[in-house]
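Undergrad: Swiss-Prot lists Y40, G65, C66, S67, D90, N91, D118, I119, N133, R200 with the feature S-adenosyl-L-methionine binding site.
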Amino acid sequence: MNVSQDTIYAQASEHISDFQFDNRVAGVFSDMIRRSVPGYTQIINTIGDFADRFVMPNTQIYDLGCSLGAATLSIRRQIQGRQCRIIAVDNSESMVARCQENLNAYVSDTDVDLVCGDIRDIDIQNASLVVLNFTLQFLPPEDRETLIAKIYQGLNPGGILVLSEKIRFEDAPIQTLLEEQHLDFKRANGYSELEISQKRSALENVMKPDTLTTHQQRLTSQGFSHFSLWFQCFNFASMVAIK
């Protein structure tokens, strides 16, 4: 699959609109996320490994905020023959259209219901795995606990939630250090100072990261009895919570 290079913020603009997962972003998303999120490939691959361990036959898997389908495809490769169904949801028509193309390129005996809709409206039931891969951070903070509660209720006992997020830190020097390390990561991947600055402006009103403590407290308050941070690189993290 050809991957187009992300140059969305390469030209100076007087007015930076809020970031949207529109057709422009969908067309370069694979390149954008690889160059912006440290450890993204490892996270995607490990989601597949978690699926192999936790997905039970005749259950459902939910990929909430599926974007181009990377996590869904990783899961699909690991659960052949289990008579499961994946429900992959994204609210961007452009993302869903490209996700469908990616799903069509791979043969599998695991059906995928690809839904263009709001993840807050999805009914979750008989789930052995739910994935929120850099999705929760884009929801209004007041809606996050309700979604986690819905996920907990829809998971079967022993089911797992994989939650990946950009995180923030209450310790100001640590916040500054790891934010700077992330900016260096983006510079090393070819982004200019202009691109970094303009994308930051586009994201500041639409992406609101939480601290790890907030994530853990939210998960345990809704009933998850087992929680662990399994991956962190700079200010990006992935967690698991087991019912």
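Placed from the backbone N, Cα and C atoms, the Cβ positions cover glycine too.
Help me picture these features in the structure, burial and contacts included.
TA: Non-local contacts of D90 (S-adenosyl-L-methionine binding site) by the CB criterion (under 8 A, 6+ apart in sequence, same chain) comprise F21, G65, C66, S67, V96, C99, V115, C116.
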Undergrad: Does anything in the same chain, at least 6 positions from Y40 (S-adenosyl-L-methionine binding site), have a Cβ under 8 Å from its Cβ, and if so what?
TA: I33, R34
